[in-house]
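Some notes on the structure that comes next.
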Ligand code: URA
């Protein structure tokens, strides 16, 4: 199994409790998801390569560190993954954003892509797939397969809450993908919701339902 990293920073855990709370309305829910995504992004990008550059301070010339130019791509899985994008762009504004929308055909059980627009140089970018809820892991695994078919070589998956079933499934399907989550919950219920979870992330983000 590739690495699963639990991001248990106190700020992340504190905000996550309010995100879970059913009395948190859409405006606060959206803002909190954005903030948590930004904090998580800090950990997810911890291994970004640096290079040495020369700069001039007001005092003298000195060597300093700068990102080496390895490019990042953020790919939210529609629609709930969208809620995590803006927070990440605050930290990595040069990242390009792709979008993937897919569902499972209930008869064939095959993933059906209804939307896919990706940066053209996806093979040269470190891709971070976002989806707040890793439930069965089906859509995340299918989205990662799609990204690999389109040429992605370096992929991480960032979610907010994962069910053990989803972690196991994605890890089995994609041995090369590191997964980052702020919580590993107990289980899935009979309707495929994570328990205790936060309910339907898409509905809570966009005020639908
Ligand atoms: N998707 C959600 O939005 N919530 C869950 O609990 C599971 C999948």
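Counting begins at 1 with the first residue displayed.
Cβ from N, Cα, C; glycine included.
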Candidate sharing the 5-phospho-alpha-D-ribose 1-diphosphate site with 79, 131, 132, 133, 134, 135, 136, 137, 138, 139, 200 (per TrEMBL), from 46, 104, 150: 104
From binding-site residues 194, 199, 200, 201, the one whose Cα lies nearest residue 79 (5-phospho-alpha-D-ribose 1-diphosphate binding site): 201
Nearest of the binding-site residues (131, 137, 139) to residue 201 (uracil binding site) - Cα to Cα: 131
Contacting binding-site residues, sequence order - 79, 133, 135 vs ligand 1, Cβ under 6 Å: 133, 135
